[in-house]
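Remarks on the structure that follows.
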C-alpha cells in the first residue's frame, strides 16, 4: 500500500527523476548494493531441531525437574500450617453469638475465644494470617476505590480526595482520610493468641505487628501527610474517619508513631488488594525464641481470642486464622512441587518414547542431527 | 463539469457539446459572427490531494473509512464515554500512533506532490502575444495561446504543432515520461500554415478531452485573406502531448488545445485499482472469527455477571457500595454499558498493531525485491521495480501464469533469417549451403542464381525497403548526410553504423535484412524515401500514403510514387491477412515456406504489391483524405478505406525473422511447471510460430498430446463450425478430463506423474466463438468444458489473441471454480489489459516501451527473473506474512484469554488482570519487534534450495498456511497457553504467601506474573519458529525480553506523579524476589512450549526435506511422521 502510493507520483509524469525517489518504486540505474543484508544473505544460525538434538534436552529437563519437584514437595510438606475458621456459622462455634448480633454501631466489642490444639511444634518464625473467603477484594469497583496520592501524603488529596473514592469520599462534608472502599472496609478484628500451658497457666504469645508489609510500601508508597509532624491528629483535623471505622486513622496504633496513620502496616497490607476472592493476609509474626532450643509454638492447647468486629455473614463469607511457618519458597503450597514432578516425568517419558521412535524408524535421520 | 458549465452558459442547450472550438492566438475568425471567448480550465496541474486547510479533516476522514481504524475509534470513544475498566489511553495511544504515522506519511507524500506540482506550474514558458514573446508561468497558459517550446523542453500543455524549425515541418518527440517509449516519434505540422503566425487566423475544432494518448480527432479552419477557408484534418500526429519532450528540433510553435487537468496526461493520471491479496482476505475472515469470539466473550461475561449479581449480597456487599449515580442508572442501560465494558476489556484480541505491522512488513519487505542484485540487468542498467507492495505474498500463491510470447518468452530481438521470393528460398548465410525440398540456398541473393527472376528479387527488396515506418537515427547526422549525398564514396562505413528507430523490431530486422541483400534505406526526407540499390544508385520514391499497422488488420501498406510516375502499393503483413487479398494461385507456392518457417519458430510476414493506375490512385487518395478528415467514426472509415485499397494485390514473397528465446526461458518455464503452476501462453502470433516457441520452451514436450481447437480443426465438410466446436470440445473433454485417472483437480498437478500430458491450443477466432456461441444457452457449458479441459492440460497455448481476449481469458480463469491466483507477465502495450486483469501483473522491461511496466505490479528486466521472484521471494514472503498473521492472532488470544478467565474470579466486574501500561505496551513494544524482524528476514528454507527445488513451491499452494486448519491449530495453541498461564498462576496463588518473609502478593502481582510468562512464552515461541537466526533476530528477540524486564523495573521503580494509582509500584521487583514466582514462570513457559517443541521435533525438518526430495521422499519415518503431523503443519 505504501509503495503504491509512492509510485502514483511517477505516473503524474511531471518530473521524471526528481520525484518518486524514496520509495521502492524508484530504482536508480545503479546496480543494487551487494551487501549481505540487502541480498538476504546475512550470516545466520539455522538451528534444526530434530529428535536427536531435542532428546537430550528432554532427558535433561526430566533429570533436573524431578529432583526440583521432589525438593519443592518436601519443602512444602515440611511447612507447618494450621488453619481455623472462626466465622461462627455453626451454633456450636464459640463466635456464633458474635456473628449473629453484629452491628457496626455497637460500642461494646464482642469477643469470643476459639480453642485449638497444635499437634506438632512450629519451629522458627511463625506467621499469623487472617483469611477471608468470598470477599471480592478484586472487584473493579473496589480495586479502584482508593487515592494513592492521598496515601502518599499529598496535602491537597487529603482534603480533596479523588473521585474514584466515591461513595466513600466525603462524610459530613468532610473528606474521608483514607478515602475509598478499600480503606473503609479495613479488616478490624483483633486476634490474640494464648498458649494454654499444661500447667494451667495461660501465656500470651507476643505478636509482632511490624514487618508484615512490603518495605517499599511502608517507606515510600505510603506516607503520612505533614512530613515529620508527629501530631497526626492535627494533620488529620479537617478530615473525617471512614464511615465503618471505629477510630480515626491516626489512632490505628497510637503506641508506635512509625506504625500509625497511613503507614500502619495492618492498613498497608489491607490496601494491597488480593488477587482472588479467597485470600489470606499477613497479620502478625511470632518471632522465634532466642534460645533456639524450644520451638516457637510448642505442641499443645492454644486459644485464639477474637475481638469480633468484622461482619462477613452478609455476603456468605468466612474468616480464618492461619498459623504457618515459611520456607524459602514462601508458604505451604504443594502445587509447584507436583507441577515440577509431573512436567519432569512427562519430559522423561516423552524422551523415552521419542528415543524408541528414533531408533525404530529414524536411523537414517542420524546424519541430520548436526545442525548445519 | 466544465462542459456542463459551458452548456449552462449557452443557455440550457441540452445538446452535448462534442467538440470544442479554439481560436489560435485568441483572434476571432471571420466566419463566427460573435467571438465568445469560451472558458476552459487553466493550465494548472493539481495532483495533490490536500491543502493546508483541509488536510486534517480530509485525511482523518479517509483514514477512518478503513474499517479497522473505525473499529478502534469506536472502542476508544466507548472508553471515553462509558466507565470502562481500562483507560482510554490504552487504545487511544496506539490508535493515535497509527493515525499520526499514516497522516505524516501521507502528508509528506502530498507535500512532495505539491512541490512537483509547483515546479510544473511555475515553469517558465514563452507565449506569443501580439507579436511579442512573453515569458509566463506555465500555469497561466490559456487554451488558444501560441506557445514556443525549444529543444529538450517538455510541452507545458497539449499543443497542435503549427510550426517547426525543421524544414520539413516535422518535429521529433519522445514520450518517455508518458508511456515510457523512448524512441523518437515524428509529429507533423498542419499543412498550409502561413509562416507568420501573427497573421494566422484560424479556428480549431476538436473533440473534448479524452484520456486515450493515441487518439485525437480535430479539424482546423485556416482563414486566409480573400480566400476560401481551408480545412485540414488533425490527428494524433499533429498533437504534442503535455509531458512529452521535444527532441532533435530547435524549436516549435504550437497552439494549446487542452490545458491543465484536461490534458491527456492529467486525464491518464489515475490510481490503479487496488488489488487485494488472498492473505488479506484470510485476515478478514480470521478477523470475523475473532470478532465473534470477542462478542461472545462479552455476552457470556455480561450474562454471568447478572446471574452472579442476582444472588443476594453479591452485587453490593457492605464493603463495596455503589455510587448514587450507579444506583440510579437504568438496569438495561447498565447491561449495555457492561457489555461495552467487556468489549473494551477484551478488545485487544483484535490488535491495531497487526495492521501496522502487516503494512510495515509489506512496505519494508518489498525493498528486498528492488535490492536483489540477481534482478539487475547489466544491459539496461536496471533492477526490478516494485509498483505495489500489497501483493508480495501473492507471488507465492500463483497457480496460473499467463505469459506473452513476443518479448517475454522470446527476446524480441529480431534477426532476418531468410526470405522467399516467388516461391524460391533465400537464406543469408556465408558458408553453409543447404539442400531443401525445392531450392538450393546458397549465399546472398546478389550472386544471381537461376531462381526467381531478377526483377522479382529487386521488387521484393524494394518492398522491404519501402514498406515500413522506420526512421534513421540522426546521430552525427551532418557527416552521415554528407556521405550519403556524395555519391558512391565510402559507402560501406556509414551503412554499418546506421541506426534505425522503429516502433516494432520486426521492421528494423526487415530493413536490415534488405540491407544485407544490397538495398539500403537511407531515410525519409520531406515525403520522399531514399533507397540505395545494389548498383549503389540512389532511388527516390515519393511517399504518398502510409496505411498504418494495427493489430486488427495485422498488416500495413505504403503507397509510393516512383520517379517514373508509377504508383505502387506495397503491403506486408501476417499470412492470414495477406493471403485472402492476393491471387490464390500465388499463395500455394509461398504458403509451404511460410508454414515451414513458422514451425521452426520464425516470425513470418508476407509481402505483396499492387500497381495502382492513376484513377485507382485518385480514388484511393480522395477516399483516404476524406476518411482522415472525418470527425466522427474516423477509425471505422479509415479501416474500410484501407480494406478497399488493399485488395487484389499480388504476392511477391515472404520473410522469416527469428525471435530468439529469452535467456533461460525454457528453464524458467520448467521451474514454473515444476512448482505446480500452469503456464498459458497468450500471443497474438500465429499458431505455428507460437507452437514452436512452446516446444522450444519445453512447455510442450515430445510426449505431449496436443488438443487443437482452431479455425483449421473446425473446418469440416458436414458440420458447421458451431457443431464442430461442440463435438471437439466433447471429445477433448472425454480425453483429458474423463479418461484421466480420477484425481482431484488442483491437488495433483500432473507434472511428474506418469499419465499422458495434454497441451491445448486455441486461437482467437475459436475463442470468440466459444465465448459467444450462436446459441446463448451453450455459452456457460462451453466455458466450463473449456476450463475443465484446460485445467487438465499441462500447458495451454492461445494464439491469435487480441489484447482484450487475453484479458478475457485471464478473467475467465480468475473467476473459475476455486478462484485460482493468476499472474500475467508481458512486456508490451498489448499485454496491459491482462496485466491489469490478473491478480499479479508482471511487466518486463523489454523493448516494446514501458506501458506494461507502468501498469504492472512488479517489473523485472528479464523473464528468467520470474523464477526467483516467485520461487524464492514469493515463497518467502508468503511464509513470512502467513506466519505473521497467525502469530498475531495467536499472541493476542493468549494475551486476552487470562483476562477473560479472571472475570470468573472477580465477580465479572471487568477488572483487568494486567496493568494499563502492560495492556498498551504488549503489542506495541514487547512483542512487536521480533515478529517484524522474523517477517522480514525469515528463510525457513534457504533461497538456493528454493530455487533448486521448484516443487517446494507446492507446499504453500492454495494458501496452505492460512487455511482453517492451521488457523485452528494456532487458535488451539493460544487457548492452551492462555489456560496454562492463568491456571498455573491461579494454583500458585491458592496460597498468596509467596515471599520468604511471609508477605503476600496481591492482584497486580498475579497479573504481572501471568504477563511475564506470556511475554516470554510468546517470544520464545517465535524463537522456536525462527529457522534463520541473523544477528538482527538475536538482537530483537533477546532485546525485547530484556526491554520488558527493564521496563517493568523502571515502571515499578518510581512513583509516577501523573498516575492516579501506583498499582505496579515495586510489584515486579517483589515478584522477582520470590523463588516461587521464578519457579512458576519457568515451568509455565516450558509447559506452554512443550507441545510446540514436540511438534518441531516430530515435524520433518525442512532443510532435510528439500535435500531428500531429490533422492527419495517417502521413507518409512517420513511417512510416519508426516501422517502424524499432517493436521498441524503450519
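Note: Cβ is positioned from N, Cα and C throughout, glycine not excepted.
Here is what TrEMBL says about this protein:
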- B:404: active site, 4-aspartylphosphate intermediate (ACT_SITE)
- B:404, B:405, B:406, B:507, B:549, B:572, B:603, B:683, B:684, B:685, B:800, B:806, B:830, B:831: ATP binding site (BINDING)
- B:404, B:406, B:827, B:831: Mg(2+) binding site (BINDING)
- B:853-1099: domain 'P-type ATPase C-terminal' (DOMAIN)
- B:64-82: transmembrane segment (TRANSMEM)
- B:285-308: transmembrane segment (TRANSMEM)
- B:339-358: transmembrane segment (TRANSMEM)
- B:967-989: transmembrane segment (TRANSMEM)
- B:1004-1024: transmembrane segment (TRANSMEM)
- B:1036-1059: transmembrane segment (TRANSMEM)
- B:1065-1098: transmembrane segment (TRANSMEM)
Using a cut-off of under 8 Å between C-beta atoms, tell me which stretch among B:64-82, B:285-308, B:1036-1059 contacts the transmembrane segment (B:1065-1098) the most. B:1036-1059
Output the one of B:827, B:831 that, of all these binding-site residues, has the highest number of other Cβ atoms within 10 Å of its Cβ. B:831
Interface check, the transmembrane segment (B:285-308) with the transmembrane segment (B:64-82), three or more C-beta pairs under 8 A: no
Hey, of B:404, B:549, B:603, which of those recorded positions are within 10 Å of residue B:831 (Mg(2+) binding site), Cα to Cα? B:404
Quick one: of the binding-site residues B:549, B:684, B:800, which has its CA closest to the CA of residue B:404 (active site, 4-aspartylphosphate intermediate)? B:684
The sparsest Cβ environment within 10 Å, among the binding-site residues B:406, B:830, is found at B:830
Nearest to residue B:827 (Mg(2+) binding site) by C-alpha distance, among the binding-site residues B:549, B:684, B:800, is B:684
Could you work out which of the recorded positions (B:404, B:549, B:603, B:800) has its C-beta surrounded by the smallest number of other C-beta atoms within 10 A? B:549
Local Cβ density at residue B:684 (ATP binding site) - other Cβ atoms counted within 10 Å: 23
Please classify the secondary structure at residue B:406 (ATP binding site) using three-state DSSP. helix
Per DSSP, to which secondary structure element type does residue B:830 (ATP binding site) belong, with helix, strand and coil as the options? helix
